[in-house]
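Listed in TrEMBL:
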- 5-363: domain 'Methionyl/Leucyl tRNA synthetase' (DOMAIN)
- 375-506: domain 'Methionyl-tRNA synthetase anticodon-binding' (DOMAIN)
- 12-22: motif ''HIGH' region' (MOTIF)
- 300-304: motif ''KMSKS' region' (MOTIF)
Ligand code: ME8
């Protein structure tokens, strides 16, 4: 039985503090990991930092500190961001750790043993910011006299002795992989982009450097350090211990179910990584999914524009679950997304305060006042009751389907649809009128509404873990029943259960200026 689920984020360069793009990737991946855990899978969720390479060494030099110290300081910031975002990662890998050096050197040895590594000299363009080699035709000389690569970063001419990986030998094998495993790359735009890149012809890849030493040493030739991407990509398998011991405690997680990354690094993950693994005779990940970029009010974030948003400020300002909800609802996962303070405020008020928050507080306060604070006993169910319960009961099927394709925003939309339908039900049934005319029927309506609230909160646990748990506290759901197996009829609220006094979970957001006025 294979009930494991292994999911990873990219490992970030700790050459600076984490920004909102890093936060976005982590919380989206966290939501997917939590979803699978709640759905009964044995999940392993990995994140970490990519600490070697020329960019790290240059940044450290510019700051006048040792590169080890720069890496440690910022790696700790990334770890701290994980805590702030309530990330449920099971491990945090640093590529400077001994376990990683060991795995990377072993993978190199296996690629060499397979005849895929040879020594030659490299002459070509390199972008330190992207840590990537580019073909001359991918670069352009601009009016400022500087040559730029395809991602808009400056490139420099590099000439040195280097080891090469025989990437050219993998062209057909890679095309076959994309063909046979049609969902290896998502979304489709990225799949097409990768296929046309590979079809245009693959050149052998320079995989070592001699002009700096901040990296993992090449076995038996310590003058060379490995190209940082050979080292970085391998982190995913390092953490499982699979290379060292296929029967080790975490080896069962390899191959990964999905690598979640940004669209700028799809080539490394969908071309180089499977080629390295094929060469080393190791199983390939099942899927690579590239999300889009976050834009600040439609503009690319950059230090020079001064619009780089610190995730800590955003969370302190709006609240963690509010920020998680906004990004996962607002941005189509796989496409670029724009955010603004106004956009976040609007979502919070419409969907959380006026939506689920209001539904929970109106129904639960009525129970508190009119049903002695206990889950009321439902009478016979009407067609309307059955209809709203059906919508709630069936939402998990939609969510499962969408989450299996990383369409997080569509899963969230399906949950919000229950909220909207339940609002309509509640308004139409008007239990506050029934209170005077038909108390038994009022009890049924309140029972059905509270039961729907239970399901909404259970489904929202991966997206908004802490506040959804708070709602589940209000409907007295036991800890062990907060799982997807208890959705639908399997976990219906029990009449007579005592409920705590209701308290608001999602306050309205009021902008600080408006609050002062
Ligand atoms: O690329 N919006 O590290 P990194 C959304 N170390 N995502 C963004 C973003 C934005 N504005 N900016 C960056 C690296 N990202 C390598 C990865 S993996 C073996 C090695 C995403 O710190 C980016 O696409 O530059 C990537 O997935 C992640 O943040 C780390 O970026």
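Residue numbering: from 1, along the chain as shown.
Yeah, the Cβs are placed from backbone N, Cα and C, and that goes for glycine too.
Bear in mind that TrEMBL entries carry predicted annotations, made automatically and left uncurated.
Per DSSP, the secondary structure of the motif ''HIGH' region' (12-22) breaks down as 3 helix, 1 strand, 7 coil. The average pLDDT the prediction assigns to the domain 'Methionyl-tRNA synthetase anticodon-binding' (375-506) is 98.
Remark: secondary structure over the domain 'Methionyl-tRNA synthetase anticodon-binding' (375-506) totals 93 helix, 1 strand, 38 coil, with classes taken from DSSP.
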